[in-house]
Amino acid sequence: MTNIRKTHPLMKILNDAFIDLPTPSNISSWWNFGSLLGLCLITQILTGLFLAMHYTPDTSTAFSSVAHICRDVNYGWFIRYLHANGASMFFICLYAHIGRGLYYGSYMFQETWNIGVLLLLTVMATAFVGYVLPWGQMSFWGATVITNLLSAIPYIGTTLVEWIWGGFSVDKATLTRFFAFHFILPFIITALVIVHLLFLHETGSNNPTGIPSNMDMIPFHPYHTFKDILGALLLILVLLTLTLFTPDLLGDPDNYTPANPLSTPAHIKPEWYFLFAYAILRSIPNKLGGVLALLLSILILIFIPMLQTSKQRSMMFRPFSQLLFWTLIADLLTLTWIGSQPVEHPYIIVGQLASILYFLLILVLMPTVSLIENKLLKW
């Protein structure tokens, strides 16, 4: 008799996705981040749901409702810090996942890659509106500064900003709608994740060599399920260590001051995972130019498959491309550091050089070096 998991309409879907899925035998731990992102998403939705039960999206009570969660709700402090640090873990996994895709040429699965870029944008939007909810100083001023960027759009900019605000400044209407967005977006993300997996399972996984591995596949379960469990345990270990020992390590002290429209913080900056884009935004003296550079710094990912000039898919056997890849990582870390610094000498010029290098590496140097590698291999 055929096993029920292969015949039942619902279990068949799960079976084909997580149990009998043919998987390359040589995929490394860099392939763990997809499942870790799924774990992060589930954690964020669950902790977020419990936080939403006690939170009030109103300017007069939002800050005190978060304080109430931390002080009076059973393990409320734990749920709140799990949610805040869970967002950081989410972005660490997200950036590692994208980095893996860039290094091993996974972007050649174009539909999967494009849905992935869309997912990145949606997660970024969710994190941004979520940061506004505690209604601390950095929440308020972060929302004001970032939404104000839309006023750089010619002709309709100001109207657009006021439409998003629901008034003439960030106020009650803004907080209420941001809470609504923050609640609905994770479910949209979940739907996109399913589409992302659907497209991935059309082609099958890539592997470190970038060479088709149809002749060497193993079932996903038990091999990769156990490998994923190890990754999950490490993720949980890091998240719990962060949450229980240094819950405020990645946060901003300014957010422990209630929002005050009459007092601007000395240094307005977003959470660490947006700092690289914030540095690129600040490095251009023109407002519209800065906004375009900010958008392009993320949307450039869409153009990566078109910039593939190498005859090889993966960077595994391309030392020059590897050098440029790690230069790009170092550049992004530099931009992240610059984004956290005040706008003064020497940070301004370092930020501008790092921003130029970021676009230069992706648009010019990497495609050129790939062509040189082809020539060296006489391809």
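The backbone N, Cα and C atoms fix where each Cβ goes, glycine too.
Fair warning: this is a prediction, and the values are worked out from it, not measured in the lab.
For His83 (heme b b562 binding site), other Cβ atoms within 10 Å of its Cβ number 21. Residues or ranges marked as heme b b562 binding site by Swiss-Prot: His83, His182.
Annotation source Swiss-Prot lists heme b b566 binding site at His97, His196, citing similarity to another entry. The number of other CB atoms found within 10 A of the CB of His196 (heme b b566 binding site), across every protein chain shown, is 21.
Under the three-state DSSP scheme, His201 (ubiquinone binding site) falls in the helix class. According to Swiss-Prot, the ubiquinone binding site annotation covers His201, on the basis of similarity to another entry.
Nonlocal intrachain contacts for the transmembrane segment (33-53), taken as residues 6+ away from its ends with a CB within less than 8 angstroms of a stretch CB, comprise 69, 79-80, 82-83, 86-87, 89-90, 93-94, 96-97, 100, 182-183, 186-187, 189-190, 193, 228, 231-232, 235, 239. Among the features that Swiss-Prot reports, transmembrane segment is placed at 33-53 (among others).
What Swiss-Prot lists as transmembrane segment is 77-98 (among others), and the listing cites similarity to another entry.
Here Swiss-Prot flags 113-133 (among others) as transmembrane segment, drawing on similarity to another entry. Same-chain residues lying 6 or more positions outside the transmembrane segment (113-133) and placing a CB less than 8 Å from one of its CB atoms are 55, 57, 62, 66, 87, 90-91, 94, 97-98, 101, 106-107, 139-140, 142-143, 146, 170, 174-175, 178-179, 181-182, 185-186, 188-189, 192-193, 195-196, 199, 270-271, 273-274, 298-299, 301-302, 304-305.
Taken from Swiss-Prot, the feature transmembrane segment covers 178-198 (among others), and the record attributes it to similarity to another entry.
Annotation comment: Swiss-Prot describes 226-246 (among others) as transmembrane segment. Within the same chain, residues 29, 32-33, 35-36, 39-40, 43, 78, 81-82, 85-86, 88-89, 93 sit at least 6 positions outside the transmembrane segment (226-246) and bring their C-beta atoms closer than 8 Å to a C-beta of that stretch.
Sequence-distant contacts of the transmembrane segment (288-308), counting only residues of its own chain at least 6 positions beyond either end whose CB sits under 8 Å from a CB of the stretch, comprise 98, 102, 105, 107-108, 110, 113-114, 117, 120-121, 124, 149-150, 152-154, 276-278, 280-282, 355, 358-359, 362-363, 366-367, 370. Residues or ranges marked as transmembrane segment in Swiss-Prot (evidence: similarity to another entry): 288-308 (among others).
Summarising the annotation, Swiss-Prot assigns transmembrane segment to 320-340 (among others) and lists similarity to another entry as the type of evidence. Long-range contacts of the transmembrane segment (320-340) within its own chain (CB-CB distance under 8 A, at least 6 residues past either end) are made by residues 99, 102-103, 269-270, 272, 274-280, 282-283, 310, 347, 350-351, 354-355, 357-358, 361-362, 365-366, 369-370, 372-373.
What Swiss-Prot lists as transmembrane segment is 347-367 (among others), and the listing cites similarity to another entry.
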Give me the CA-CA distance between His97 (heme b b566 binding site) and His201 (ubiquinone binding site), in Å, as a whole number.
17
Tally every other Cβ atom lying within 10 Å of the Cβ atom of His201 (ubiquinone binding site).
14
Tertiary contacts of the transmembrane segment (347-367), as residues 6+ beyond its ends and Cβ separation under 8 Å
279-280, 282-284, 293, 296-297, 300, 304, 307-309, 321, 324-325, 327-328, 331-332, 334-335, 338-339, 341
What same-chain residues lie close to the transmembrane segment (77-98): Cβ under 8 Å, and 6 or more beyond its ends?
30, 33-34, 36-37, 40-41, 43-44, 47-48, 50-51, 66, 69-71, 116, 120, 123, 127, 130, 235, 238-239, 242-243, 247, 250-251, 271-273, 301
